[in-house]
Amino acid sequence: MNTNQRIITIGTICLIVGIISLLLQIGNIISLWISHSIQTREKNHPEVCNQSVITYENNTWVNQTYVNISNANIVAGQGVTSIILAGNSPLCPISGWAIYSKDNSIRIGSKGDIFVMREPFISCSHLECRTFFLTQGALLNDKHSNGTVKDRSPYRTLMSCPIGEAPSPYNSRFESVAWSASACHDGMGWLTIGISGPDNGAVAVLKYNGIITDTIKSWRNKILRTQESECVCINGSCFTIMTDGPSNGQASYKIFKMEKGRIIKSIELDAPNYHYEECSCYPDTGKVVCVCRDNWHASNRPWVSFDQNLNYQIGYICSGVFGDNPRSNDGKGNCGPVLSNGANGVKGFSFRYGNGVWIGRTKSISSRSGFEMIWDPNGWTETDSSFSMKQDIIASTDWSGYSGSFVQHPELTGMDCIRPCFWVELIRGQPKESTIWTSGSSISFCGVNSGTANWSWPDGADLPFTIDK
């Protein structure tokens, strides 16, 4: 074979090998395309599984969570039945108070991402209890915590988290922009009330299930403010009290009735020489009872009770066991304001039982420190200072602060009565301690008709923090 023949032979072999390789590549592409088409058709026609479809009526929501596990769509259905919280039951008979929650937020905040906050309160639906609180738009041990002793700023927001958990950006839910607030559940949805804006023109924004439903404009242009604790819902209607006017003189007080977040009725109290601020309200046998703060001139606490048509009665707790702070030493009470050492005050609460009353108060008569519960069997109507029981909550050497009431409805507890509960704010930082910030943690207790403990459950944080040094 000569040279030209060898060249032609080699070229022919290379051409044949190239053609075979090209055909193999084309076949590989066709195979991949067919395989992809088969997979696509399988995804577009998933295997049908046996599913039960349950239809709920009467204002019921069904929450469905889709969880992707190994490319399999699994539907986890959770039915949540809504009801109307009746609020028609009486308060449960109790003999003392059992510790219910403690969030330790200041202790945890020395190292964790915890909100700077104050004015915490608790409210329960028929399914859960949540802690609500007013943040300062800052975290503990961070530079933005500086100057958070200020009550009203555009950075304050109402948020909530599960009860007993330290409030952080990771477990908290935004509710409203607010420096004064209230919230409650009617069995069908959460109502939140958040007040924000300038002192001479603040506005309360009402939300129902997170949607704005109504607003209330300041009517006296002197720091519109509300409860800093839960509102009250009875038979689908919810009730709150707001104050507008001086903190050290006669102001204006209004009761609002709301349904699904919309105001349907309001009245202004005819209450000369009374001062109502930061009311702690609860339902009792279809009516609302509120025990409030007199920041003007009383050592004892004013109250207002009203029915669902807003027919109301007013008074002061008569007992000589005084509940405000600062206050006079216990002595002769009055069913009107006890004027001795009555200027200024602190948010607080009491529970009425017929002629008797459970009074929650600081142990100190001059500073927000210590806390105790006192049972005065005739203190709602009589003026003596005798009482039959005292339960220690916070030692007099530890800081306390605001306190307020909340309840657990029979729809939550399964009991045939409304369980009374209360929370105590444990304020730390400015103005009493050497920090750049002011914040608080909280504890809560619920009434029981069984054994309880006398002890102290303080905040317990070791101050100052790194940011303060």
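Just so it is clear, glycine is given a Cβ too, placed from its N, Cα and C backbone atoms.
According to Swiss-Prot, the features are:
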ACT_SITE  TYR402  active site, nucleophile
BINDING   ARG118, ARG152, GLU277, GLU278, ARG293, ARG368  substrate binding site
DISULFID  CYS92-CYS417  disulfide bond
DISULFID  CYS124-CYS129  disulfide bond
DISULFID  CYS184-CYS231  disulfide bond
DISULFID  CYS233-CYS238  disulfide bond
DISULFID  CYS279-CYS292  disulfide bond
DISULFID  CYS281-CYS290  disulfide bond
DISULFID  CYS318-CYS335  disulfide bond
DISULFID  CYS421-CYS446  disulfide bond
CARBOHYD  ASN50  N-linked glycosylation site
CARBOHYD  ASN58  N-linked glycosylation site
CARBOHYD  ASN63  N-linked glycosylation site
CARBOHYD  ASN68  N-linked glycosylation site
CARBOHYD  ASN146  N-linked glycosylation site
CARBOHYD  ASN235  N-linked glycosylation site
CARBOHYD  ASN454  N-linked glycosylation site
REGION    11-33  region 'Involved in apical transport and lipid raft association'
REGION    91-469  region 'Head of neuraminidase'
TOPO_DOM  1-6  topological domain 'Intravirion'
TOPO_DOM  28-469  topological domain 'Virion surface'
TRANSMEM  7-27  transmembrane segment
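Of all the disulfide-bonded residues listed here (CYS279, CYS417), the one with the fewest other CB atoms within 10 A of its own CB is CYS417. Neighbours of CYS421 (disulfide bond), defined as other CB atoms within 10 A of its CB across all chains, total 23. The DSSP secondary structure for ASN235 (N-linked glycosylation site) is coil.
Of all residue pairs in the substrate-binding list (ARG118, ARG152, GLU277, GLU278, ARG293, ARG368), the one with the greatest Cα separation is 20 Å apart. CYS421 (disulfide bond) and ARG118 (substrate binding site) have their C-alpha atoms 19 Å apart, to the nearest angstrom. On the 0 to 100 pLDDT scale, the topological domain 'Intravirion' (1-6) averages 65 in this prediction.
Annotation note: CYS421 (disulfide bond) sits in a strand segment as assigned by DSSP. The most crowded of the binding-site residues listed here (ARG118, ARG152, ARG293, ARG368) is ARG293, judged by how many other CB atoms sit within 10 Å of its own CB. In terms of Cα distance, the recorded positions that sit within 10 Å of CYS184 (disulfide bond) are CYS124, CYS233, CYS238, chosen from ARG118, CYS124, ASN146, CYS233, CYS238, GLU277. CYS290 (disulfide bond) and CYS231 (disulfide bond) have their C-alpha atoms 10 Å apart, to the nearest angstrom. For the pair ARG152 (substrate binding site) and CYS124 (disulfide bond), the Cα-Cα distance reads 26 Å. Annotation for TYR402 (active site, nucleophile): same-chain Cβ neighbours under 8 Å, separated by at least 6 residues, are ARG118, GLU119, GLU228, GLU278, VAL346, LYS347, GLY348, VAL424, GLU425, ILE427. Each residue contributes its Cα atom, and for ASN454 (N-linked glycosylation site) and ARG368 (substrate binding site) these two points are 19 Å apart.
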